[in-house]
Amino acid sequence: MTTAKVVPGSTKCGTFALYSLMCRKTKMGLLATPQAANEHLSAYKLETSSKETRTSLLVKNFFEKHRTSRIALLLFVLLGTSMVIGDGVLTPAMSVLSAVSGLKIKIPRLHENCIVFVSCIVLVGLFALQHYGTHRVSFLFAPILIAWLGCISGIGIYNIFKWNPGVVRALSPYYVYNFFKKAGKDGWSSLGGVVLCITGAEAMFADLGHFSKLSIRVAFTAVVYPCLVVAYMGEAAYLSKHREDLHSSFYKALPESVFWPVLVIATLATVVGSQAIISATFSIISQCRALGCFPRVKIIHTSSHVHGQIYIPEVNWLLMLLCLAVTIGFRDIDMIGNAYGLAVIIVMFVTTCLMFLIITTVWKRSIFLVLLFVITFGSLELLYFSACLVKVPHGGWFPLIFSLIILLVMSAWHYGTAKKQAFELQNKVCLDYLLSISPSLGLVRVPGVGLVYSNIMTGVPPMFAHFVTNFPAFHRILIFVCLRTLTVPKVPVDERFLIGRIGPPEYRLFRCIVRYGYKDGGRDSYEFENQLLMKVAEYLQQEVGDSLVNGEMSVVGQPSNLVVDAVMGSERTERSKKRVRFKEAVGADVRQEVRELADEREAGVSYMMGHTCVVAHESSSFIKKFVIDVVYGFLRRNSRRPAVALGIPHASLIEVGMVYHV
């Protein structure tokens, strides 16, 4: 099985992407965003949907009626996602260790500690290079993999002709039946190792965002699959004459003259495979973070040309430490392989279950097609899963424990975030009430533009009400900003901003809902400030032309040339220069409010955010207190602050402290 271990792969982001699709198309998920606020988005304009089937109605009604079923579904998805993250620990450790272990074939006296030491050096180098980004070395990936596939297929053909040409008969399904008939229980148990031969196949679905379906199909069916089959047949031919070499058959089957070149190429191939799963781990954590299922971490975009190439320092170094711990702790390829196989087959099964829901409720296919899919793939995966469960005491326990820890972190963060947002929604303040008591508070308006960040799309956040009642002053132009991450991969820039006015025009109060997709890139504070104020200015012009009703929100698309020249006319990034150009460009050709916006922007832009402490209510249960006060509190204290994650300049930040009793 060494060949399978040197060609690693895993399901990347399919699990969470399927759940996001289901949340977007149905009401069965817990990550759904209010559809009314997103009806103008092109990504939310549903295709011509087919007629609801009886099965789709039954499934939808069950999940919509029982909240516990939606919670269980989310936990099930997070379990699969946790297994993928665990895959990011196991794949590099197993791949590198299996490749480096070939040294022992040529140097029999080499101590096991030396193999582990060399593997650790390769792993440290692999993770240390992550911050440079994939794009700097990606041009080497294709030649390395082509060389690797060429080597294993050529060696496979050599071994077939040299040791046992009759092994080609193993392509017949008859021998599968005959094997299980003779082996019995031992044949079933061997499936726990056989699963390692197919663990790279599901990685193709993660590449759909980078390559077309046709290119993946052609590459797999015409290149990858034939090369792997020939390689395994050659290894089987060698083992038919050398059964004593079972545990190191791949390297011992190599001809003497090509051993060292193949060892080098195998090591390079493991680095490429490990790079793929590490990048996938970064990607899926970024998506979970965007949808509120993972603590805030620093995300660095390593390429300005290729979207999706990101680097997460905290996750990178944590993965490295865990990979080193697995390599040093297990030291055994078979035990790591047992853990790896169990993790991958669980992800496969989770994906199959989600596909059942997608086919039923989103695609609305017939029950016969659904049953055909579930029986075909589900039965095979359960068969492999049952065989892998036997190996839990022999390394299979690691992905279970690791995934449960990650599941606890993700579910606790999602639960705490949901409780925090629910508290803000329940305790929001009516603006009319706040303005009615302003004379008694002695409320004054100070120069400048204030951006008030909150999670609610209507009303005044409790944080701002708390600030005004204790410090009765706010900016002459006030914009309530709500950042929403939707269950779509990307939101076009011209559909991102939804802007409306609050109260009469003389109040100078606005609300802006900014929609992002879970794959949208970084958010530079200066650039965001430019775009936001540019959209507000465009909204004011649009308000005159379209006679928008007070309080009605409007999607502001492509701005006029006047506003573009005002904000984007210069590539200089100095804040003061941008503000001067904004003021000069609006001139006298636009209405008074836009000129006031330019004046107030030059006076200064401030960002207001809540610095909240979320604690469980005294009457809460012990479990809730443990999740909120201990787990969620620990994660909040050790994750990046919202202002830092958004890149808000510290000198312009106003933080309002509050305690939320949820």
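Cβ coordinates come from backbone N, Cα and C, glycine included.
According to TrEMBL, the feature transmembrane segment maps to residues 71-90, out of the candidate ranges 71-90, 311-330.
Contact check: the transmembrane segment (340-359) against the transmembrane segment (366-385) gives at least three Cβ pairs closer than 8 Å, residues 6 or more apart, which meets the contact criterion. Of the Cβ pairs linking the transmembrane segment (71-90) with the transmembrane segment (258-285) and spaced 6 or more residues apart, 3 or more are under 8 Å, so the two regions touch. Here the transmembrane segment (218-238) has Cβ contacts under 8 Å with residues 3, 7, 149-150, 152-153, 155-160, 162-165, 167-168, 170-171, 197, 201, 204, 245, 249-250, 252-253 of the same chain, all six or more residues outside its ends.
Here the transmembrane segment (110-129) does not lie next to the transmembrane segment (366-385) in space: the count of CB pairs under 8 Å, restricted to residues six or more apart, is fewer than 3.
With a threshold of 8 Å between CB atoms, the same-chain residues lying at least 6 positions outside the transmembrane segment (141-161) that come near it are 3, 7, 167-168, 223-224, 226-228, 230-235, 237-238, 253-255, 258, 261-262, 265-266, 268-269, 272, 275.
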